[in-house]
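Record features (TrEMBL):
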type: COMPBIAS; residues: 514-524; note: compositional bias 'Acidic residues'
type: DOMAIN; residues: 24-508; note: domain 'Major facilitator superfamily (MFS) profile'
type: REGION; residues: 510-537; note: region 'Disordered'
type: TRANSMEM; residues: 20-45; note: transmembrane segment
type: TRANSMEM; residues: 65-88; note: transmembrane segment
type: TRANSMEM; residues: 100-119; note: transmembrane segment
type: TRANSMEM; residues: 163-190; note: transmembrane segment
type: TRANSMEM; residues: 213-232; note: transmembrane segment
type: TRANSMEM; residues: 349-367; note: transmembrane segment
type: TRANSMEM; residues: 373-392; note: transmembrane segment
type: TRANSMEM; residues: 404-423; note: transmembrane segment
type: TRANSMEM; residues: 443-464; note: transmembrane segment
type: TRANSMEM; residues: 485-503; note: transmembrane segment
Amino acid sequence: MAREQLGVLNALDVAKTQLYHFTAIVIAGMGFFTDAYDLFCISLVSKLLGRIYYTDLTHPKPGTLPPNVAAAVNGVALCGTLAGQLFFGWLGDKMGRKKVYGMTLILMVLCSVASGLSFSDHPKSVISTLCFFRFWLGFGIGGDYPLSATIMSEYANKKTRGAFIAAVFAMQGFGILTGGIVALIVSSAFDHAFKAPAYSVDRGASLAPQADFVWRIILMVGALPALLTYYWRMKMPETARYTALVAKNAKQAAKDMSKVLQVQLEAEDEKLEKITEEKSNSFGLFTKQFAARHGLHLLGTTSTWFLLDIAFYSQNLFQKDIFSAIGWIPKAESMNAIHEVYRIARAQTLIAMCSTVPGYWFTVAFIDYMGRFAIQLMGFFFMTVFMFALAIPYHHWTLKANNIGFVVIYSFTFFFANFGPNATTFVVPAEIFPARLRSTCHGISAAAGKAGAIVGAFGFLYAAQDKNPTKTDAGYPPGIGVKNSLIMLGVINFFGMVFTFLVPESKGKSLEELTGENEEEEEAPQQQAASARTVPV
């Protein structure tokens, strides 16, 4: 039986959309803006790193990162993110959202700057330094996932909560877009200032010495947005749900939210004491009670995020095929090193503008009307359909006359990932778990996603190699080919659709209603069963 809600929490649930909501979106969203910039900007400069540190001038093609080095450079931040999601998710429930929020931001700022530095110009030293600081950068980014989602969910009203949390996540799209724009500006400026011929014309001169500054500047710019929002993050009060339900301080919760909502709220110590003393509000993560009430929910959020990220991150593998097919990126030997960065950045920026960013904001617009379940199911369904549409007639799409169709379907796959499970898997774990475990459970769900990203980014990097050993990328063993890889991704998306049925719909309900934190102690099983009967026996 549901009891009366705490006044301070009810005030948050029914509050009209006002300035503090948008302030919270911007403050939390800028963290995600930075996260996306830092995670995805490495793909813009990885080819430049290969040219600078691994070019053999006796070879007809410019250098590329060896497979093990490419895996380390691209994957070490994902590994750090996974660790950070688990650690800071747990810490956010132990110490409070606000205290931990500042730690993650400082770590991101310091490591963004440090990742653009190195102890010498020797390839091993440069790559080792880069990987070390990108791991810790990822660790800080990992903390932003559970904390941003939890803070936004606990500040929002129940009517538009989904849109607010999705808006925070949608800042990722702008982060990816900004990464492309920064790379365009930096590479264009250096390309014009330090003219260099194509590699095929003059191998040695195609790599201007100043190219080493290009990748460092692009990586280090990621520190700026995080630094700019640090002051505002520290000014945000702790969320009322943490202060009241976890820290059990009704007076402080009422005081903080009175300032935020600009209304007078009373501390309800007696009511809070009754709520927090309930046995049903004290079970831990590794208990039978949690397994009974939220076990399937946690399985649903972890499995769907894991499966989504396998598909989502592996899609990036096929970008080089797309870009080459439509002529956005010419052959490496026909360009100088800095101009290649410009062409890659231009391609990523166009994909972000036309597909990635719109998909995120479609979710923001419709999530509180359609619901989380419908959007996630729809997204997985269309990702499955489009993956099979690419895979089954794959030879057809490789013909030059059909390249545009391939690009269109590929873009729709990205669109429905973002107007679909890429957003909802972030939103739902912040809503359906109790306040004392909310950040931890979101961190576990997000970490499962990053495990999927690691599988997608590296397992499929090898799997997508051609079956013919003479046609594989340099240093890679034969794989199962792009066609079979796409079929596997279609199957993975289908299973994402299946596991979505484990995730409850949270649209329009208060957080306490979803988690059962406002329920009174259950009756004895016999009494409960008797009261549940509706017909004589």
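Using the three backbone atoms N, Cα and C, a Cβ is placed for every residue, glycine included.
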The transmembrane segment (443-464) versus listed stretches 65-88, 100-119, 213-232, 373-392: most Cβ pairs under 8 Å: 65-88
Folded-back contacts onto the transmembrane segment (213-232), same chain, C-beta under 8 angstroms, at least six residues removed: 23, 26-27, 30-31, 33-34, 37-38, 41-42, 44-45, 48-49, 52, 102, 105-106, 108-110, 112-113, 115-117, 179, 182-183, 186-187, 190, 338, 341
Result, the transmembrane segment (485-503) in contact with the transmembrane segment (373-392) (3+ CB pairs under 8 Å): yes
Residues from the same chain, set at least six apart from the ends of the transmembrane segment (65-88), whose C-beta lies under 8 A from its own: 38-39, 42-43, 46-47, 49-50, 54, 100, 103-104, 127, 130-131, 134-147, 439, 443-444, 446-447, 450-451, 453-454, 457-458, 461, 473-476
Segment-segment contact (the transmembrane segment (20-45); the transmembrane segment (404-423)) at 3 or more Cβ pairs under 8 Å: no
For the transmembrane segment (100-119), sequence-distant contacts whose Cβ falls under 8 Å of one of its Cβ atoms, 6 or more beyond its ends: 31, 34-35, 38, 84, 88, 91-92, 125-126, 129-130, 133-134, 136-137, 139-141, 143-144, 147, 151, 215-217, 219-220, 222-223, 226-227, 229-230, 233-234, 236
Per-residue pLDDT averaged over the domain 'Major facilitator superfamily (MFS) profile' (24-508), given as an integer: 87
